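Look at TrEMBL and you will find A:12-30, A:482-502, A:514-534, A:555-574, A:580-605, A:671-692, A:699-719, A:739-760, A:806-828, A:918-936, A:956-975, A:987-1008 (among others) tagged as transmembrane segment. Taken from TrEMBL, the feature domain 'GPI ethanolamine phosphate transferase 2 C-terminal' covers A:854-1002.
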Amino acid sequence: MQSWLQNRWTSLCLLVIAIGALMLFLYGFFPLKYHSGTLAHMDDLPNFIDGVSIDGHEVYNSGENTVILMVIDGLRYDFATEEYMPYTGQLLKNKSACIYVSVAEPPTVTMPRIKSPERKKEKAQWRRTINFWRDIFAMMTGSVSTFADVALNFGAPAVRGDSVLRVAASRGRRSIMYGDDTWLRLFPGLWAEYDGTTSFYVTDYTEVDNNVTRHLDKVLTPDENKKPTFDFLVLHYLGLDHIGHLEGARSPMIKPKLLEMDGVVKKIFTAMQTWDRAGTLIVCGDHGMRDAGGHGGASPAELLVPLVLARTPDFVCPHSKGPGPTVAQVDVAPSVAWLLNAPIPGESVGRMLPALLPSDSRQHLYLLHVLAAHNARQGVPTNAEFYKQFQRAQTQFAHYLATGQKSAAKIAKDFYEESLEAMSRYLSEQTVDLDMFAIGIAVFLLYFIAVTLLCVTLYSLQPEHSRKTSTGHHHRSTAGSFLAFIIVLFICSTTLVISCFITETKSQFCSFNSAWILVFGLTACVITMVYFITKTAIENTRDLTILKDLNLIDYLLIFGTVFHSWSFFGTSFIEEEHMTWYFFWNTLMLFILLRTVVVVLMYLGKMFVGATEVQEKPELHKRMDINIGLLPKWVLLIALHRYLKTMNQTGDRWLFLPDTADWLNAPENAVFLQAHLVVGTLLTLIICLWNVRCMNNVMHMHTAFTVLATGCILCYRISTKALDSPFDYIQSWDPVNIVNLFWGLLIAQFVFEILTYVGIFRSCGVNSLKTQSNKKFVYNKPKAKTEDYFYDPLAEEPWNLEEVKLSLACSISHLMLNYLMLIVILLMRPHNVIMVPSVYITCMLTSKCVNHKLLDTRPGRDTEIVDTLSQVLVHLWIGQVFFFYQGNSNSLASVDLGAGYVGLREYSAWRVALRMGLHAYGGPAVAGAALFARLAAAPSWHRYLQALWQTTNVLALHRVYAVSLYCIVTIFFRHHLYVWTVFSPKLLYDFVATVFTTQALTSIAQIVGLTHFTSWLAKTLTYKSKL
Amino acid sequence: MFSLNNQLELRKVTISSLLTCIYLPSIVTVISYKGLLYSVGNGSSFYILVLIFFAELLKSFYLNATNDIQAKRSKANKNRVGDILKSFVFLLVALFCFFIGIMLFGAPILDCHEETLMLSSLMSLLAVFPLIAHSGVEASMQLLFGIKNYGRDTITEMLVNNSIMTVCGAWLGAVVIPLDWNTPWQQWPVPCYLGAISGYLLSNVFTVFKVILLSAAQKYPTINSIINFLNNLHSAK
């Protein structure tokens, strides 16, 4: 097990395993059912009941009906009473209408506060859409929506599956919509007539409703045959909700507003009475409101909404007085569909509103049968009791059809209702229920891995000599450790199996089918492996004195990183995560500022007090000079960050404030925008050229490649009209070709680098002069050691293999950094281009300033390990800060879809996703690359590997720690109403971040692997040539 | 931790801290009863700064008063007017630095200058002024940045602690600004302003507490362990 612990890439493996665990978590957390998109047809109606034939179309026919669905936003249960709505109350009293208690799908609402520029409207619209999504989705499709529906649809939030509107349209019904335009966006192309109002300005509570009501007179007037001109009318009133948000549920304005709504109900109902056709009016709220006015909690006032059903002509409510029976929001869909004589939407799990069920028992039973059969088709287990009940009901129904016995009809009805209720509940729960067992296992795994990574990291942070001495005390035999592994594996799997059976879980994880048994076995293996690594690490970690070298800034870094994950227990800290990072980063900058001031003062003091002492130590003098230069640079850096912070408003609460990006994107400020673009690109070019020094000896070629690539980027900008240029013909070039050329250049540069390394060009004699002056890639024998390997020429390494390895690693790392910067610049929005050089400058300056030797006048103290630790953390922080500077947030709305299509002609899921990811994580990626490039500048190969090991460990530890803690947070808040808009998107972001971290570490591992490979190749070839 | 060597200094420290513990809360109480607590950022609340200025000035007179005639004489020789002028200029510089610094670290740049100015003047009053009044410009600079050690000078130690705590308080006050509670005290610069005041106050309370601990330790030796622990904490920093 020792070798596992000491392996450089153990933490990478653990990270990969953690991704697996996270996937298990996501599997359990995001509801299991995904909407299949089945579309319903009239032909689906059963024509045989248990062998007895029946004319489905004829029995199903509900006659000519007109349905009006009136949604009043924020109508809570106690508003639909005689006190507030006298006419409605009257209707309820004389039994012309029924009232039901409907339980709302928890909505999540964050209201925009301030007028915002056009650019941000989309984001806000998206949020708004999500808010209505669940309610409208439930009412129109009859199924409970899942997060996957939203997440997979973002960008174009239209319902793709079946809905009442689609089946109605397919049956040739005319649907009309007046009200919130979210309906239009959710169901595009399904309306015969519409007038959408934006619900954007919450201060407006009269105009939004007048916009709806003004059409009523026209639309309610029947034609000459006394028939209404439409079949399905949706009215969505927003004013009540807006008043609630502004003034609360006890506001004096509520009453007149409800009276107004009551007037609308009266108007509709009177109009319906004049029609020569059956009319149905459904009045419902989509969610309630708190007394304070908002909504978003789980209190009854917010969740219980009334559903009033009024019909003409001659309709008597079958229910007794008082609060009606409870229905679900999904029940609206099948009811409306049936009334419109359309099939039940494909994924509906609802039932019929009880008062609608016809008195004719044949039709009644047929309807119940259709619903039950429809539900039974949607993956109900056939061995469940309610399914058997359904079959029994079917037999009774067939019996009734054959014989006409009333008692059989009664029994069939009872059986149908029982089974329908159970099936509906089962299906809804299956959509919403979490697989708690899988989640539990996943979190346990994540925690265990986090602990292991902590142990491994601490182990790797020990000074080298103490690590060496601690090894090899008692060497276990391979067979012994194998036996131990088997035993622990057995114990683990037994425990897992037992816990499966004790909890009696329905989880797939414990189902032991072919696929899941693999997962099960892997879990047990991982637990065993992780256990052994932890055990060995704890046994071997003895000397942590190195941690005493930590200074105040290190403590700040560690504390901040650790605390940050805990802050997520507050929702607003997730929405405003950038604030946490900005605050930490500001604190860090303040600390470093104080430190640089101290350095300056120390130097000045030395100058005045002990001038001779300074003169005696010219080396000290020199170092002081460098350090004093840091202060003005640092102040400038703070100013730069202050500026970048204003670039993009992000998060939720201040998203709508105008920011610099808005100003820059205004047409009149195009010059400044272009200046930002050009300055950003040119600065990156300069940085890239500066980095070229770390590559191989053929400097000029690399410079040419880089300049050409930057030229491509500029041409791309010109051709996409983001940049004006004196050369008009560039504008007509094809951006896709330019981007392809850019990729080609990058690949060519990499190939060239490798070829130079191999030495192809040496024979051409192109760089013969260069190679002699700069022998980075030349194997040679150090002369001093020539006598040593006289004894054992094969064991010793006479060649400077390690130096060459190091320079190759260094070169490729810098090449990677350059590539990342160039690619990110290509993908960024014009105003954000300036971020990329800023990340680099910040990284360089900060890593100078957090150096532990800055304040240390005595040379010789070994602070390498602590330095590595603080460097990694600082780069992590910089990455995070820039992630938010760039305008990202923890909401899916801030993902820039435009970046996904740079240089692409058609949609290709992987390429788009990669571009989008790289764009979003551009800041962290560049910061990470800068970190690894910095590591590669180590003085020796051995120390490079050491630092790499520690860095990998710390990065993996941070990632797994953050993820595992966040998983706990989401479990904790799984019933919280923000689970959709706040918690789940953040979970996705964390998942993506983990994947990217793994990817980054893998590419570093590849670099190291490449160096080893080439070195091995060179060795074998050399030996061969010798032989 | 303070030393017990100089009883006179210890007494001075205690009394001045107690004075602060009395006058600052009373100012805050009075303005909060007048309903002016959330308007501390306005220029109209300048009188609070004047009050604090005079209180700190009186305190520094008390702290600087010596019975030692020789010291008095040597002080008299110095150029008082020049010193005062220099301190005043330095105070202005400190104020300006605070102003710029607060802006750099996130205060609104284009507006709210008045509020930021009030905050920076309060901070220079609480954090820099007492130190200058006690030990002069150069020494206070060196003390603040930890270059010069205050050794066994209890008064200076207290003053330096006060300034550090003031800055920390103002810094931590900013934490509440982004929370979505929509309360009036989340307005800029109220949390930082109150944070600075409470940091200063807290530091003084600590001072009193420490002196009480020290004197109690003479009676009950068991308390010494706590003092040692505090000492260790201090030296670890």
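Using the three backbone atoms N, Cα and C, a Cβ is placed for every residue, glycine included.
In TrEMBL, annotation is done automatically, which means it is predicted and not curated.
Using a cut-off of 8 Å between Cβ atoms, the transmembrane segment (A:514-534) and the transmembrane segment (A:12-30) share at least three residue pairs, counting only pairs 6 or more apart in sequence. The listed stretches are A:555-574, A:956-975, A:987-1008; of these, A:987-1008 has the most Cβ pairs under 8 Å to the transmembrane segment (A:806-828).
By the Cβ criterion (distance under 8 Å, sequence gap of 6 or more), the transmembrane segment (A:739-760) is counted as touching the transmembrane segment (A:699-719), at least 3 such pairs being found. With pairs at least 6 apart in sequence, the transmembrane segment (A:987-1008) and the transmembrane segment (A:918-936) have 3 or more Cβ pairs within the 8 Å limit; the two touch. Here the transmembrane segment (A:987-1008) does not touch the transmembrane segment (A:671-692). Their Cβ atoms form fewer than 3 pairs under 8 Å, with each pair 6 or more residues apart. Across A:12-30, A:555-574, A:671-692, the stretch most heavily in contact with the transmembrane segment (A:956-975), judged by Cβ pairs under 8 Å, is A:12-30. Secondary structure of the domain 'GPI ethanolamine phosphate transferase 2 C-terminal' (A:854-1002) per DSSP (helix as H, G, I; strand as E, B; remaining residues coil): 110 helix, 0 strand, 39 coil. Regional average pLDDT for the domain 'GPI ethanolamine phosphate transferase 2 C-terminal' (A:854-1002) in the model is 86. Long-range neighbours of the transmembrane segment (A:12-30) within the same chain, counting only residues 6 or more positions beyond its ends whose Cβ lies under 8 Å from a Cβ of the stretch, are 146-148, 434-439, 441-443, 445-446, 449-450, 452-453, 456, 507, 509, 519, 522, 526, 530, 533, 952, 956, 959-960, 963-964, 967, 970-971, 974, 984, 987, 990-991, 994-995, 997-998, 1001-1002, 1005. Residues 580-581, 584, 587-588, 591, 652-653, 870, 873-874, 876-877, 890, 958, 961-962, 965-966, 969, 972-973, 976, 978, 982-983, 986 of the same chain lie 6+ residues outside the transmembrane segment (A:555-574) yet bring a C-beta within less than 8 angstroms of a C-beta in it.
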